[in-house]
Amino acid sequence: MSERRYLSDGSSIPAIGFGTNQMDTDAIASAIDVGFRMLDTAWVYGNESAVGDAIRGSGVPRDEFTVITKLPGRAHGVDEARASLTESLASLGLDHVDLYLIHWPMPRVDRYVDAWKGLIALREEGLVRSIGVSNFNPDHVLRLIEETGVAPVVDQVELHPHFIQAEQRAFAAGRGIPTMSWSPLGRRADLMADATIATIAERHGVSPAQVVVRWHIELGSVPIPRSTSAARQAENFDVFGFSLDADEVAAISRLDSGVRLWGGDPETKEEF
Ligand SMILES: NC(=O)c1ccc[n+]([C@@H]2O[C@H](COP(=O)([O-])OP(=O)(O)OC[C@H]3O[C@@H](n4cnc5c(N)ncnc54)[C@H](OP(=O)(O)O)[C@@H]3O)[C@@H](O)[C@H]2O)c1
């Protein structure tokens with residue numbers, strides 16, 4: 001049983017989720033069997049129907065799931081957001097999503113405030129329970145709040161021991177906006193072979209991946225690791241039976257390279 005994180009709109013989400021990018025129905029079904037109840041997808045992943053199928057096939061009641069999907073860049077506008085969510089809901093086979101995020105701000109296009117107004121309207125209609133953002137820098141978040149008075153409930157950003165997002169996390173924590181970590185394992189990278197992580201893993205009798213996932217929990221961030229393997233899914237989910245002390249968290253945070261390994265820069269990345 002994982003812990004929960006409470007959001008500023010009064011709802012709550014599991015403290016860990018399953019990243020479904022490139023995952024098919026079988027891999028998602030196995031993650032549900034392992035215990036994951038929060039599933040992160042996106043319109044651009046093209047697998048919302050696999051997420052819906054896995055949920056329906058699981059026999060687990062719909063209300064036990066937190067389903068996250070994301071608004072693509074092509075739909076930054078009030079009407080466009082409605083049309084895109086309608087498509088996502090049809091693919092998912094659901095009547096609402098629990099958390100709807102703007103996938104990227106695309107500030108050069110400069111329509112993310114319109115997209116946010118669209119999400120606010122969808123929430124008011126009950127088609128989405130909670131609304132948030134992904135890849136938004138603090139100034140993008142501040143602009144949403146200034147122009148609409150509504151703050152996102154989460155910001156999902158690239159976050160792993162090689163890119164620890166100290167400034168972003170400090171901003172988000174100060175505003176009561178939990179950070180959700182994408183690529184929490186650094187897409188495996190060389191983190192699994194890192195000597196600092198290996199030493200800590202040995203001390204606790206857990207795997208390097210479990211140390212990294214637990215590091216996110218200690219930071220107060222919500223990791224969404226992805227794996228095709230049931231055994232590794234189970235490993236990633238099993239991080240609530242041990243904890244890291246402040247020195248261990250700091251040692252892992254010192255692995256920061258300050259360089260984005262995988263994602264684009266929110267200021268310039270455009271994905272339609
Ligand atoms: N909002 C955004 O813009 C954005 C961008 C990127 C990603 N995301 C979300 O974040 C999720 C996760 O990020 P990600 O897929 O980039 O990377 P990740 O979860 O950091 O890493 C996945 C990789 O790690 C391996 N792995 C998983 N568990 C492991 C373990 N216990 N031991 C060793 N290796 C392990 C997986 O291989 P195996 O499959 O072989 O286990 C896979 O190659 C995505 O699925 C997506 O939902 C969001």
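For all residues, glycine too, the Cβ spot is worked out from N, Cα and C.
Noted in TrEMBL for the protein shown:
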ACT_SITE  Tyr45  active site, proton donor
BINDING   His103  substrate binding site
DOMAIN    25-255  domain 'NADP-dependent oxidoreductase'
SITE      Lys70  site 'Lowers pKa of active site Tyr'
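Structural mapping of features recorded in TrEMBL.
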residue: Tyr45; record: active site, proton donor; Cβ within 10 Å: 18
residue: Lys70; record: site 'Lowers pKa of active site Tyr'; Cβ within 10 Å: 26
residue: His103; record: substrate binding site; Cβ within 10 Å: 23
Rounded distance in angstrom between the Cα atoms of Tyr45 (active site, proton donor) and His103 (substrate binding site): 11
